[in-house]
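As recorded in TrEMBL:
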type: BINDING; residues: LYS123, GLN186, GLY218, ASP249, LYS392; note: UTP binding site
type: BINDING; residues: HIS219; note: substrate binding site
Amino acid sequence: MSLTVADLTRGVMTEFQEKLRQQHEESMHRELEALLGTASKPEAEISRKDFDGFKKLFHRFLQVKGPSVEWTKINRPPEDSIQPYEKIRAKGLPDNITASLNKLAVVKLNGGLGTSMGCKGPKSLISVRNENTFLDLTVQQIEHLNKTYNASVPLVLMNSFNTDEDTNKILQKYKHHQVNIHTFNQSRYPRINKESLLPIAKSMTLGGDNAEAWYPPGHGDIYASFYNSGLLDKLIAEGKEYIFVSNIDNLGATVDLFILHHLMSQPADKRCEFIMEVTDKTRADVKGGTLIHYEDHLRLLEIAQVPKAHVDEFKSVTKFKIFNTNNLWISLPAMKRLQEKNSMDLEIIVNPKTLDGGLNVIQLETAVGAAIKSFNNAMGVNVPRSRFLPVKTSSDLLLVMSNLYSMDAGSLTMSKKREFPTTPHVKLGSSFTKVQEFLARFENIPDMLELDHLTVSGDVTFGKNVSLKGTVIIIANHGDRIDIPAGAMLENKIVSGNLRILDH
């Protein structure tokens, strides 16, 4: 069998690529060591653990080429792997749910800043309802649970270096609440120059020239940082068996006693170690990750992993009917086992960014739900949409501040007076993006009980006690301003340019 030139070249190329990979890796390790040399001793110890995780991620980033799934191997999940919530609810609750609650801790992902909504500091400190912040509502919910069932469910916040200081200052105010609060920090990873594949940081400091040099590496980092913080072992020692993890800005993510009971009532040898709450996709959720069956495991498929040719198929509501709410129930002993064996293989999300000065960098991230394939007897539960109520934009904020929701002990529920179970579709223009500007444009929040669709664009303000019904579209042209008068009732109306009110 003779070797062709192409074969030889291919051999040389892979050898060349392998050498190049090794060089990149060695250069990265040298740079990281040099960075550690600029830190104080206690800081260097923490950062060394962070960098160990980063090196593993960087090594895999250099190894992996192209999308991490083969499209032809993707199958729909088997029927029994995603249970309808009704089926789990139908089991009812035991007389003593307190025993189960005492084996639970609630973890909120609290690494994000409020910058996308025009706020400084942690997003969890934005007021969302009657002067209550995301954090206030979370504490109220858990305190209510602990008082009602005489339980001791602790709250754990996963902060990032961006949110840790501000969050810890505010925690003083919950001292007298019936809830133990713990915090730990997720890792701090260096942003990589896209061209040189080296860190852009000059030292371990956070401010000044280095302000943009670091990032928290996505919520998939929870496994390593929770373990490294010592808190995982502490909770296991206190008899905790499961954590309920969710984004702090998802106001629908409250502790569900039926799912908790389902977990606790499994036979010991069939213990379900991971539940992902999924819900039915609507047109607004086409980018959300979905569950697939792949190489004999349930697996989370994110849009970033989909080959370009198949993105439209991924977004289809018919083929992939559900998406991940990021409400997860995870076994603590299983988490410890997988972390110690280093056997959690999370797909890498490469997040390209352009910094203020125009420099192109990449961030290597992972998603917490991607670990589903590593846990035993993992399953999805198809929950009602009400368990997914994220506040990402001022349009979302308008919904949760309105009379569509009533609030009880920190939990928001859809008002009984609304005739449809779905929320209206709200699109507010760029004049409403920042929370301060948004609040200045409403004397109070309109009555939205009978609203289906609202679009607002341009310089628009709302007087007191405005009521919106059906489809309402308000468009102020450039240079114009529209003031919706106090007490106005708009039903199926288009209001444009110079305050002409037309039937829709």
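Cβ coordinates come from backbone N, Cα and C, glycine included.
Here the C-alpha separation of LYS392 (UTP binding site) and the residue listed as 'substrate binding site' works out to 16 Å.
Take LYS123, GLN186, GLY218, ASP249, LYS392, the residues named in the record as contacts for UTP: the widest Cα to Cα gap among them comes to 21 Å. Here the residue listed as 'substrate binding site' is positioned 8 angstrom away from GLN186 (UTP binding site), judged by their C-alpha atoms.
In this structure, the CA atom of HIS219 (substrate binding site) is 15 Å away from the CA atom of LYS123 (UTP binding site).
Counting other CB atoms no more than 10 Å from each candidate's CB, the binding-site residues HIS219, LYS392 peak at HIS219.
For GLN186 (UTP binding site), the count of additional Cβ atoms within 10 Å of its Cβ stands at 28 [all protein chains shown]. In sequence order, GLY112, LYS123, SER124, PHE134, PRO390, VAL391, LYS392 make up the list of same-chain residues 6 or more apart from ASP249 (UTP binding site) whose Cβ falls under 8 Å from its Cβ. The number of other Cβ atoms within 10 Å of the Cβ belonging to GLY218 (UTP binding site), over all protein chains shown, comes to 23. A simple way to gauge crowding: the CB of LYS123 (UTP binding site) has 24 other CB atoms within 10 angstroms, across all the protein chains here.
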